[in-house]
Amino acid sequence: MLTIGLTGGIASGKSTVSRRLAELGATVVDADAIARAVQEPGQPGLEGIIAEFGPSVLTPEGRLDRQALGAIVFADPEARARLNAVIHPLVRREAVRLAAAAGEDAVVVEDIPLLVETGQHGRFDLVLTVQAPAEERVRRMVEDRGMTEADARARIAAQATDEQRAAVSDVVLVNDGTVADLLRQVDRFWAERVAPRR
Ligand SMILES: CC(C)(COP(=O)(O)OP(=O)(O)OC[C@H]1O[C@@H](n2cnc3c(N)ncnc32)[C@H](O)[C@@H]1O)[C@@H](O)C(=O)NCCC(=O)NCCS
Ligand SMILES: Nc1ncnc2c1ncn2[C@@H]1O[C@H](COP(=O)(O)OP(=O)(O)OP(=O)(O)O)[C@@H](O)[C@H]1O
């Protein structure tokens, strides 16, 4: 098995990269998707959130009100640390389990936005970071996802910097051109760093 940790700031292009890696044959484990799964009603992540933040972060149907919780945690580092302490161990455990289940011959890519922040770079054979200009990422969050500019900048500020991610990375993909340019870099990464080890 070859394990690859894929990271990058919010809206940098991680999903675009992981989709290509899946096309090339990798098994992709998505930390954001795991985080959402453990926040479903009855799951331990949501139980933990209710214990920490109370029922005001629930919708009338009893689901997680993501906007309400986001407004709290991206404005307050202490609240964010309490959320992270509930969710990150659950995500990490499930990611390790899914990766192990992929089988001996698999190339496993774990897409982990907070790989550096959670100190996980040491458990991968390769760490791959995607970087994109901050202003472009803000524009995508505002135009494509309907966030306010202040919310977009608060998310970026809640994360490690490109320099911190690059410092623990084996390969950095620079996403400052077209999607096709980015996909060419992914293909080159696969040909040079993955294919020779299969
Ligand atoms: C606060 C929540 C409810 C807001 O939900 P929302 O639907 O608006 O965002 P979503 O979950 O789609 O995350 C989008 C992106 O925000 C960034 N982000 C999310 N949580 C965090 C965090 N705790 N710290 C820094 N950045 C974060 C990541 O880049 C992520 O890809 C949600 O992000 C959450 O539960 N976060 C805690 C779990 C977590 O850390 N997830 C990210 C990595 S596993
Ligand atoms: N080079 C590019 N040119 C134009 N659009 C791009 C480029 N790279 C990515 N995008 C677009 O920007 C958005 C964010 O990309 P993507 O979803 O891959 O990022 P992400 O890092 O996974 O985001 P998140 O952190 O929110 O999960 C997507 O709509 C994607 O199609």
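Yeah, the Cβs are placed from backbone N, Cα and C, and that goes for glycine too.
Among the features that TrEMBL reports, ATP binding site is placed at Ala11, Ser12, Gly13, Lys14, Ser15, Thr16.
Annotated features, which come from TrEMBL, shown on the structure.
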residue : record           : contacts (Cβ under 8 Å, 6+ apart)
Ala11   : ATP binding site : Ala132, Arg137, Arg140, Met141, Arg145
Ser12   : ATP binding site : Val130, Gln131, Ala132, Arg137, Asn175
Gly13   : ATP binding site : Val130, Ala132, Leu173, Asn175, Leu182
Lys14   : ATP binding site : Leu6, Thr7, Gly8, Asp111, Pro113, Val130
Ser15   : ATP binding site : Asp111
Thr16   : ATP binding site : Asn175, Val179, Leu182, Leu183
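For the ATP site, the Cβ centre of Ala11, Ser12, Gly13, Lys14, Ser15, Thr16 serves as reference, and the other residues of the chain with Cβ at most 8 Å from it are Gly8, Val17, Val130, Ala132, Asn175. Taken residue by residue with DSSP, Thr16 (ATP binding site) is part of a helix.
According to DSSP, Ala11 (ATP binding site) is assigned to coil rather than to any helix or strand.
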